[in-house]
Amino acid sequence: MATLKDQLIHNLLKEEHVPHNKITVVGVGAVGMACAISILMKELADEIALVDVMEDKLKGEMMDLQHGSLFLRTPKIVSGKDYNVTANSRLVVITAGARQQEGESRLNLVQRNVNIFKFIIPNIVKYSPNCKLLVVSNPVDILTYVAWKISGFPKNRVIGSGCNLDSARFRYLMGERLGVHPLSCHGWILGEHGDSSVPVWSGVNVAGVSLKNLHPELGTDADKEHWKAVHKQVVDSAYEVIKLKGYTSWAIGLSVADLAESIMKNLRRVHPISTMIKGLYGIKEDVFLSVPCILGQNGISDVVKVTLTPEEEAHLKKSADTLWGIQKELQF
């Protein structure tokens with residue numbers, strides 16, 4: 001007896017489903033799901049896989065997204081506790097880990113999250129040996145180093161979301177002051193994602209007009225307009241949002257989808273993201289910090305050599321020393 005489906009549809013070939021643009025998100029907390037929905041809305045994947053240890057929450061989030069399939073263009077949304085659901089991913093976004101508590105520094109989280117990564121990373125490598133790893137969990141620079149060490153991947157394929165969001169916050173706040181859309185406000189925050197990030201005031205511009213040339217005190221203590229406060233707001237913003245709503249999610253989700261787009265579409269856009277910077281700016285250790293990187297289908301293919309003031313370079317070196325001080329104590 002022919003089924004309804006048989007009566008309706010005449011099959012022409014037996015297809016093997018192998019995804020070509022699969023993205024996995026590890027961790028279905030607020031950040032993971034914000035990344036997932038942002039990636040879905042940008043139509044970057046032909047399959048999205050979600051992984052977590054909390055099975056009920058995981059299944060619920062998957063179903064909730066599947067029920068929106070009519071409004072999306074990603075034909076397959078899957079999930080599982082077992083990493084076999086992640087097989088053949090081109091990009092794996094890692095958001096899993098202990099969440100930063102109110103008032104807790106990102107660095108304080110570190111050993112808790114290293115232990116989680118010791119389980120996650122080998123499983124990802126097993127099922128998607130050719131993927132790019134995009135680390136979002138905090139402290140992101142150290143955990144990107146941890147992911148690189150555990151995975152054995154070449155450094156171009158291990159990327160930290162880094163200062164992509166810090167720079168976006170900076171450009172938003174700058175735009176608010178000037179009455180200009182953030183896309184037209186150019187400025188870079190480099191170094192550590194977090195408390196010791198470095199604003200590159202010399203490069204801040206609108207339409208190629210250097211703000212530092214117009215206003216030489218820009219970013220200094222002598223500045224009567226207190227532009228330095230903009231960077232302080234960037235540093236404080238995550239803490240403020242956590243204090244108000246308990247966590248951050250939307251902006252980091254959008255930031256991650258922005259990076260995913262550059263990778264999946266091989267855009268070769270320049271982003272301030274965390275990469276291994278040994279050999280740059282006099283840094284001699286295996287540390288990951290944000291510098292402007294060209295991002296495409298192979299991950300980070302090139303780094304843009306930014307001219308920093310001696311003060312900015314010293315700041316970056318200090319960040320590197322702080323991170324290395326923590327990294328060398330880590331138990332793998």
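Any Cβ shown, glycine's included, is placed from N, Cα and C.
Residues annotated as N6-succinyllysine in Swiss-Prot, with similarity to another entry given as evidence: K5 (among others). For K5 (N6-succinyllysine), no same-chain residue lying six or more positions away in sequence has a CB closer than 8 A to its CB.
Residues or ranges marked as N6-acetyllysine by Swiss-Prot: K14 (among others). Around K14 (N6-acetyllysine), no same-chain residue six or more apart in sequence has its CB under 8 Å from its CB.
The C-beta environment of V53 (NAD(+) binding site), restricted to residues of the same chain at least 6 apart in sequence and closer than 8 Å, consists of K81. Under DSSP, V53 (NAD(+) binding site) is assigned to coil, being neither helix nor strand in the three-state scheme. What Swiss-Prot records for 29-57, R99, N138 is NAD(+) binding site.
The feature N6-acetyllysine is assigned by Swiss-Prot to K57 (among others). Same-chain residues at least 6 positions away in sequence with a Cβ under 8 Å from that of K57 (NAD(+) binding site) are, in sequence order, V28.
According to Swiss-Prot, the feature SUMO2 cross-link maps to K57, an assignment based on similarity to another entry.
For K81 (N6-acetyllysine), the count of additional Cβ atoms within 10 Å of its Cβ stands at 12 [all protein chains shown]. Residues annotated as N6-acetyllysine in Swiss-Prot: K81 (among others).
Neighbour density for T248 (substrate binding site): within 10 A of its CB lie 20 other CB atoms from the protein chains shown. When secondary structure is read from DSSP and collapsed to three states, T248 (substrate binding site) falls in the coil class. Residues or ranges marked as substrate binding site by Swiss-Prot: R106, N138, R169, T248.
Annotation source Swiss-Prot lists N6-succinyllysine at K118 (among others). Applying an 8 A CB threshold to same-chain residues 6+ apart, the list for K118 (N6-succinyllysine) reads I150, F332.
Positions annotated as active site, proton acceptor by Swiss-Prot: H193. According to DSSP, H193 (active site, proton acceptor) is assigned to coil rather than to any helix or strand.
Cβ neighbours of K224 (N6-acetyllysine) (same chain, under 8 Å, six or more residues apart in sequence): E217. For K224 (among others), the entry in Swiss-Prot reads N6-acetyllysine, with the evidence type similarity to another entry.
DSSP gives K232 (N6-acetyllysine) a helix state. Taking a C-beta cut-off of under 8 angstroms and a sequence separation of 6 or more, K232 (N6-acetyllysine) has no same-chain neighbours. Among the features that Swiss-Prot reports, N6-acetyllysine is placed at K232 (among others), with the record citing similarity to another entry.
Y239 (phosphotyrosine) falls within a helix when secondary structure is assigned with DSSP. Cβ neighbours of Y239 (phosphotyrosine) (same chain, under 8 Å, six or more residues apart in sequence): E102, G103. Marked as phosphotyrosine by Swiss-Prot: Y239.
Residues annotated as N6-acetyllysine in Swiss-Prot, with similarity to another entry given as evidence: K243 (among others).
Annotated N6-succinyllysine per Swiss-Prot: K318 (among others), in sequence order, evidence recorded as similarity to another entry. Using a 10 Å Cβ-Cβ cutoff, K318 (N6-succinyllysine) registers 14 neighbours.
Per Swiss-Prot, the feature N6-acetyllysine maps to K318 (among others); the stated evidence is similarity to another entry. K318 (N6-succinyllysine) falls within a helix when secondary structure is assigned with DSSP.
Feature annotation from Swiss-Prot assigns phosphothreonine to T322 (among others).
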Ask   = Taking each of the binding-site residues M33, I37, M41, A49 in turn and counting other Cβ atoms within 10 Å of its Cβ, which one has the fewest?
value = M41
Query = Where among the recorded positions R169, H193, K243 do you find the Cβ with the fewest other Cβ atoms within 10 Å?
reply = K243
Distance [Cα-Cα, Å, rounded] between R169 (substrate binding site) and M33 (NAD(+) binding site) = 20
Ask   = Once the DSSP letters are reduced so that anything not helix or strand counts as coil, what is M41 (NAD(+) binding site)?
value = helix
